[in-house]
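Taken straight from Swiss-Prot:
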- CYS202: active site, nucleophile (ACT_SITE)
- ARG27, ARG182, ARG183, ARG222, SER223, ALA224, ASP225, ASN233, HIS263, ILE264, TYR265: dUMP binding site (BINDING)
- ASP225, ALA319: (6R)-5,10-methylene-5,6,7,8-tetrahydrofolate binding site (BINDING)
Amino acid sequence: MATNVNEEQYLDLIRYVLANGHQKGDRTGTGTKSVFGYQMRFDLSKGFPILTTKKVPFGLIKSELLWFLRGDTNIRFLLQHKNHIWDEWAFKKWVESDEYQGPDMTDFGHRWLKDPEFKQVYLQEKKAFCQRILEDDDFAQKYGDLGLVYGSQWRKWKTSQGDTIDQIANVIQQIKTTPDSRRMIVSAWNPEDVPSMALPPCHTMFQFYVNDGKLSCQLYQRSADIFLGVPFNIASYALLTHMIAHQCGLEPGEFVHTLGDAHIYLNHLDQVKEQLTRTPHEAPKLILPAEPKPIDQYEMTDIKLEGYTHEPAIKAPVAV
């Protein structure tokens, strides 16, 4: 079996944090083993870097990235593709509104994990909420929109003059016309917005680099949940690099993933240790349409993985 060099980058990160991590408290009250400043490099010519030592749901990664690239900030698109990653943020807005008359949902993010009875009520309320977002246009407009999330920051960055900047269109234009530029950057971190945001951006900025007909991308991620979040982030930004390279007539080069606070939650230690006992499979291949579409017009069926063999999923609690 060929060595999966890209996956070893991720498994080495787990080993490094287990061996060298500092025990820290955190916003969620769960506690972590954490290191500061770590970099992984994924050679995109050596297969698509989605983990094979556990199943990673590529459909969720695709629909979320397409949502960002459309500049969409309403969870309705995600729900139409059975993606529930962002539900809680919209649901929170609904249950804290004056219109909501249902059961008390105060601090639902923690309560449903600890109280089985409340969990049933919460899941029922959230399911009804999601169904209403899908069926009721006015309700979806009012409560499905998350405001300042990645889609808005990438495609409609609000300026002090009151207009907007399309950072994705700008960066594609730069790659095509001034490929040696050192300013090919997309930022999601706006200090003015951070205090009022539900969750300040974890992926704060990314930069592109062109060399020898290849496009590389580096992401700076301020906060990295190694077991649950990072596998998604690697696959998402690798997919983004492939798609933008395709737009610009380039081959994908490297995805460089730089982490700020890289942490394993204390309630994920058994899971990462189990993952380290597994042997990686060969990396799959990403298939995109022969001719690129406009970046905001890709459909789910345009993006495929070929030969994705993986070990079973490993369940773990989310820290909220």
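Here the Cβ of each residue, glycine as well, is placed from N, Cα and C on the backbone.
DSSP gives ASP225 (dUMP binding site) a strand state. TYR265 (dUMP binding site) is surrounded by 23 other CB atoms, counting those within 10 A of its CB over all protein chains shown.
Counting other C-beta atoms within 10 Å of each candidate's C-beta, the binding-site residues ARG27, ARG183, HIS263 are led by HIS263. The residue listed as 'active site, nucleophile': 19 other CB atoms within 10 A of its CB, across all protein chains. Counting only the Cα atoms, the space from ARG183 (dUMP binding site) to CYS202 (active site, nucleophile) is about 21 angstrom. Nearest by CA distance to CYS202 (active site, nucleophile), out of the binding-site residues SER223, ASP225, HIS263, TYR265, is SER223. Taking every pair among ARG27, ARG182, ARG183, ARG222, SER223, ALA224, ASP225, ASN233, HIS263, ILE264, TYR265, the residues listed as contacting dUMP, the largest Cα to Cα separation comes to 36 Å. Applying an 8 A CB threshold to same-chain residues 6+ apart, the list for SER223 (dUMP binding site) reads CYS202, GLY260, ASP261, HIS263.
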